[in-house]
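What follows is one structure encoded as C-alpha cells, with my remarks underneath.
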Amino acid sequence: MVENQRAMPQPEMRRIRRIHFVGIGGVGMCGIAEVLLNLGYEVSGSDLKGSAVTERLESFGAQIFIGHRAENTIGADVLVVSSAVNTSNPEVATALERRIPVVPRAEMLAELMRYRHGIAVAGTHGKTTTTSLIASVFAAGGLDPTFVIGGRLNAAGTNAQLGTSRYLIAEADESDASFLHLQPLVAVVTNIDADHMATYEGDFNKLKKTFVEFLHNLPFYGLAVMCIDDPVVREILPLVKRPTLTYGFSESADIRAINVRQDGMLTFFTVLRRDREPLDVSVNMPGNHNVLNSLATIAIATDEGVSDEAIVQGLSGFQGVGRRFQVYGELPVDGGHVMLVDDYGHHPREVAAVINAVRGGWPDRRLVMVYQPHRFSRTRDLYDDFVQVLADANVLLLMEVYPAGEEPIPGADSRNLCHSIRQSGQLDPIYIERGVELAPLVKPLLRAGDILLCQGAGDIGGLAPQLLKSPLFAGAKVASTEGKLK
C-alpha cells in the first residue's frame, strides 16, 4: 500500500481548505484526519491530552491543540465532531456563532466515500477485524484501497491509509446511528445485538429498522453481504430490497465454512462458494467468530474479482489488529511461562467469543482473566449475561467499571458482579479496588501454561504492556506484531 502520499483535494470540496477536528485523538476521528492530510487538506485538531496518535498526525503536518478553546477554530472552514462532543464545547459554540459548518465524523467519511467504490462494514461485533481483513485481502490482490478502521492495523502500523485505487473500505458505526450518513456500494452486516440502546430509546425494533435503513442507502445495483448465522440478521433479511450475499456456517449460506480446525492462534477451514471449487484457507486468529469475519471478506473479495491466490495470501498473512486478541508476549512464572493476551471485547457476546477461542485453541490451559466492564449502563442492561459469561473463566479478577463519562448506577458495578458470580457457585472472583497495582495481585494466581487475558474497552488497554515491564515479571518475552514470540 502507498502510505502518506499527497494528492489533490477532492474537487467537490474545493471551497474547503482547513478542516478542524474536535477530539482528533479519538479512534474514529484520527483516521479520517490522516486521509484528509494525505489528500492535501490543511488539518488541525484539539484533544484533552496528547497521545501517540496526535504526535503521529502532527508529524504529517496537522496542527494539534491540547485543550478545547474558541481560538483553536480560527481559520477553519469546517469542524468535524464525534457524537461525544456537544454544543457546549467552546470550539463548537464558536463555530456555530460564526456560521462555520459543524458536521459529524460520519458525514465527513461519507464525503470521502461519495466518489469512490465504498465498502462499509456494519454490525455490533466484528467491524474492526472484518474491515481490516478486507483491506488486507484487497492489498494482497493489488487493489491498494483507502481504508479507515477503528483499530490499528498491525501490518500498516496505522488505522487509516490513502490508497491509489477507487476502493474505500470503512467501518460503519451504529452506536450513534451515524452510519446512516454513508452511501456505499457494498455493505456488510456482521450481526445485530443489543448495545448502545440509548441511541434507539431502548427499542430493539428501532435498532433493527435502522440497520434496514442503512442497507437501503445502497443503490439498487449495490450489494448487501449478511451473516445468515445471526438470528437478527436472518430476521431482517426478507426486508432488504437490495441484492444480497449471505455467509456463515449454515448450509443455506452462499459463502459457507466447513471443516474448521483451530491450532493455537491459527484457524483452518474450507470455503464453499456456489459454482466454484472449495477453497482451503487459514487465518492467524483464533475462534469461530474470526472464521465468520473471514467469510465476509471472502464474499466481498470474490464478488470484486480478487483471485483465490490473493484471498489465501491476504488471510494467511494477516497480522491482526491492535487490542483484538493481541498476544503481547510471555510472562515468566515458576516452572514456565504464561501467555499474555489483550482484547477490546466489552459485550457479553464478545467475551464469550474470546473465551471459546481460548478453549478451542488451547484446550488444556487455564484461563486467568482480568476484566474491566465498560459503562455502567451496559453493565446494568446486560448484567445477567455478564454474570453468566464471566463465570466461564478459571480465575477471574474484576476491575471497577470504566465509566466512559457516565455517572454510577446503583447495583451496576463490579462489586455486585462479583457477588452475583460467586452466588452462582461456579467461581469465586476477586474484586479489584480502583487504583490498586495489579502485578502483585496477579502473579501469585498464575501457573505455568496459563493464558492471562486482559479484556475491556477502558483503560485496561494499558495493563498488558505494564505487566510486561513490571519488575515482578523480569525476563518477559515480547511478541512481535504478528503475535509471535521474538
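Any Cβ shown, glycine's included, is placed from N, Cα and C.
Here the structure is a predicted model, which means the values were calculated and not measured.
Copied over from Swiss-Prot, here are the features:
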- Gly123, Thr124, His125, Gly126, Lys127, Thr128, Thr129: ATP binding site (BINDING)
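For His125 (ATP binding site), the same-chain residues lying six or more positions away in sequence with a CB closer than 8 A to its CB are Thr190, Asn191, Asp193, His289, His347, Arg349, Glu350, Ala353. Take the mean position of the Cβ atoms of Gly123, Thr124, His125, Gly126, Lys127, Thr128, Thr129, the recorded ATP site; other residues of that chain with a Cβ within 8 Å of it are Val121, Thr130, Thr190, Asn191, Asn293.
Around the Cβ of Thr124 (ATP binding site), the same chain contributes Glu174, Thr190, Asn191, Ile192, Asp193, Asp195, His347, Arg349, each under 8 angstroms and 6 or more positions distant in sequence.
The Cβ neighbour count for Lys127 (ATP binding site), using a 10 Å radius over every protein chain in view, is 26.
Ranked by Cβ neighbours within 10 A across all protein chains shown, the binding-site residues Thr128, Thr129 are led by Thr129.
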